[in-house]
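Listed in TrEMBL:
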type	residues	note
DOMAIN	A:3-301	domain 'FAD/NAD(P)-binding'
DOMAIN	A:317-383	domain 'NADH-rubredoxin oxidoreductase C-terminal'
DOMAIN	A:420-466	domain 'BFD-like [2Fe-2S]-binding'
DOMAIN	A:556-618	domain 'Nitrite/Sulfite reductase ferredoxin-like'
DOMAIN	A:628-764	domain 'Nitrite/sulphite reductase 4Fe-4S'
BINDING	A:Cys637, A:Cys643, A:Cys677, A:Cys681	[4Fe-4S] cluster binding site
BINDING	A:Cys681	siroheme binding site
REGION	A:821-841	region 'Disordered'
Amino acid sequence: MLKVVVVGNGMVGHHYVEQLVASDVEAQITVIGGETRPAYDRVHLSEFFAGRSPEDLALTTRDHYRELGVEAHFGDMVASIDRDTKTLTTESGKQFAYDKLVLATGSYPFVPPVKGNDLEPCTVYRTIDDLGTIQAQATGGKIGVVVGGGLLGLECANAVKNLGLETHVVEFAPGLMGVQLDGGGSAMLRRKIEALGVTVHTSKATKVIEPDAEGEARLRMQFADGSSLATDMIVFSAGIRPYDQLAKDCGLTVGERGGIEIDYHCKTSDSDIFAIGECALFGGRIYGLVAPGYRMAEAAVSQLTNEVVPFQGADMSTKLKLLGVDVGSIGDAHGKEAGSVAYTFSDERIDVYKRLIVSADGKKLLGAVLVGDCSDYDTLLQYFLNGIALPADPQTLILPYNAGAAPALGAAALPATATICSCHNVSKGDIVNAMDAGFCSLAEVKSETAASSGCGGCAALLKSVVDDELASRGLEVNKAMCEHFNLTRQEMFHIVKVESIKSFEELISKHGSGRGCDICKPTAGSILASLWNDYVLEEKHVGLQDTNDTFLANMQKNGTYSVVPRIAGGEITPDKLITIGQVAKKYNLYTKITGGQRIDLFGARVQHLPGIWEELIAAGFETGHAYGKALRTVKSCVGSTWCRYGVQDSVAMALYIENRYKGLRSPHKLKSAVSGCTRECAEAQSKDFGVIATENGWNLFVGGNGGMKPRHADLFATDLDDETLIKYIDRFLMFYVRTADRLQRTSVWMGTLEGGLDYLKQVVIEDSLGIAGELEEQMESIVGSYQCEWKTTVEDPEKLKRFRQFVNSKAEDREIIFVEERGQPRPATDAERKQLLAESA
Amino acid sequence: MSTDVLVAESQPINLCMQGDLIPNSGICAELDGEQIALFYLPNESPQLYALGNWDPIGKANILSRGMVGDLDGRLVVASPMYKQHFDLLTGECLEEAEISVPVFPVSLFGDHVMLCL
């Protein structure tokens, strides 16, 4: 049998073994891995400090290799290769004979040759063992420095940050991720990363590392520009170097700056020896990403079969989350091609940067840079990889939606060769074939083709391809809300209304199956509240509410809640301000002014919520419904009462609107604002419905929102009197409540209405459906049955039982721990909490 | 502490009364500093389920405040923090197979909710 020896058991070496086992080649496979562990997922290494164990990261196990009949040796390095006798010897003295040898030795971290780089605690970031070292060195330290601002360096910074250290990134070059990003993208990435509390130092050449004489920390880095930085530990992650010593020693051709030279077949200068992954040099280039490494492994395996697949270089486009920041880079990010044209969009309010590089004739996409928002990545990558002709105005591909952007490239427009999943190299054609073979559901397609089972970045694209194929085959696209109801929210709303259904139990027994889940239950709860407005904590509804609705407060990351009393229109008396201050002091709450002109009180323990509210209610406050999918706030400017420019009393109108619709349960949260003149200080055009005063009355705007995808509202009607304004808002809101899908904001909902804004005007203004009276009536009944849920709760001892931390003791949750910051409490980080708990124990 | 320990000579400990339970929802009890989330599903058999209250993913004592339901026929509670589902019978996390929370044997004895260690 053919003896194949694979040296190196990283991700690429392991992929080679898997591919070879899956092929029909009869081979006796031996694996020699330098690390003590079988292959693991190095791409997600930094998640180790976010709680993933080595087992979570493992790609295989010793047992699994045994089952496959693969002989595996770990923790042993190959010392030499004898090409004449075709044998190799390991450091522990073992000898292996081979017919075909595969070098997948990978790379090692480059440590800049700086004096003091070998001091304790300096280390590198490459293996799970390195992580152990980093963790040990971080213990007792406060500051950590990562040398290197590339992809790996920033991954590593994430790891250091997760350890709770004050994190610095020191980069020699002028910008972060210089390989993948242009100057603008790099600057935006820096802004975002610094906003996360990581300090970035660029253009910093480290001269020497020495013990910190000033005693501030363990070490001090002296830079060439005369500045210095104290740190308790240093991790080098400034690039990689191919492990090619073995190849050099046995006389294989290696590149001038390292890397084992290979041809299209991944063969080295010895045709019985292959090199794949980061140790290999192809076309003068090292491919430092996992996907090209996999392609090399597949090409090398194919050499042993009858179906030869050459390696032809690989696309280095990449999309990833670094420190939680979305970063994408496609093709020629730097616009190096002669005559290329660039389009740049940058929005510093929301920290988004996008750049397109387009060919001189404007027809082809050559490259792209995305920072802060990668939602266009899939579409752009398809344009790039498949050479699809660009629209006449390519800039529309990166402009925000409401500026008239081109719609995302539909799945139907993609050619069969288009790569959908680059991790597993699945094309649209592969997906269509799988569906032809009868694997029609998304789950079936996934398990049949392995698409979207790697990084998962193509999940949305895969779904749209499958949906599009289903639709084109005349099959029904499954719009079911969840496994319990084969209904959309709109259909459920109609059923509940028409059949006068009053409880979830009745609904699921008549129209669903099973017991329900956290998708359908709150949807049903919201519909029941929209239609019948029962107290949300009635026993039959309790199980339908998620925790925020159950406890009438918003859960925060340590399990405590935030409390937001209603401050209608942002108007508040000094006495009420004092009450809020007193309550916050008494219960040790963190206070912050919200964007909706209210005051948010954070850090309330569940057992304190009723006490807090008793005091707030006594001072005249009501619940602010910040916890509900409901009307939140109606923001206002000060209006004609005080302002020299105001033309109407915007505060009075805001108060009226907020008090009218407060508590209205809806498919998603609702926000509003009223401005007293066209200067628009209340920002009404960014709200679900906004009102702007004119000389003659009010202009109504609908369908705006802030958030992730901001959208300006559309002008709906002009110069309305008070009564007509309220009538239109009643109809608009109730029509939305009735027909929108679950978690659909008004803007998206309007987009789904056939005929859009004009249709909505017909329904609301002209009453084209003949339902206006009904909508108004329904709103009137909800307005009439309003109750402050907190008032109802604090008056009912039975309901208050729900707010006990423990049903059987008065103890507090000792794992809720606060520390002080800027004179206020904040939740302890995971590391602080553990330490404080250990100290108290 | 696992269900395996439930043997004839166990000594049930009173946690609370049946009236403290909330149908189709959860509450939290404490025993020697350990937090136990109790779920009462009157239409199921058994009617009572107990998990550790600590959410290992959300890192807070909150599972008792999650919504209960079923997925693929398994009774589950959804963490109110990041919405992962935990099997009420086994404590396994449905989204992350390696993660699980402890399960406690509980039962109703008359009006008393007892932990049977």
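Cβ atoms here come from the backbone N, Cα and C positions, even for glycine.
All annotation found in TrEMBL is predicted automatically rather than curated by experts.
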Of A:Cys637, A:Cys643, A:Cys677, A:Cys681, the binding-site residues near chain B (CB under 8 A) are none
Within the domain 'NADH-rubredoxin oxidoreductase C-terminal' (A:317-383) only, compute the mean pLDDT.
87
Hey, of the binding-site residues listed (A:Cys637, A:Cys643, A:Cys677, A:Cys681), which one tops the CB count within 10 A?
A:Cys637
Same-chain, non-site residues whose Cβ lies within 8 A of the A:Cys637, A:Cys643, A:Cys677, A:Cys681 Cβ center for [4Fe-4S] cluster are A:Val638, A:Gly639, A:Tyr645, A:Gly646, A:Ser650, A:Ser675, A:Gly676, A:Arg679, A:Glu680, A:Ala682
Could you break down the residues of the domain 'Nitrite/sulphite reductase 4Fe-4S' (A:628-764) into DSSP helix, strand and coil, giving a count for each?
52 helix, 35 strand, 50 coil
Treating G and I as helix alongside H, and B as strand alongside E, what does DSSP give for the domain 'Nitrite/Sulfite reductase ferredoxin-like' (A:556-618) in helix, strand and coil?
29 helix, 14 strand, 20 coil
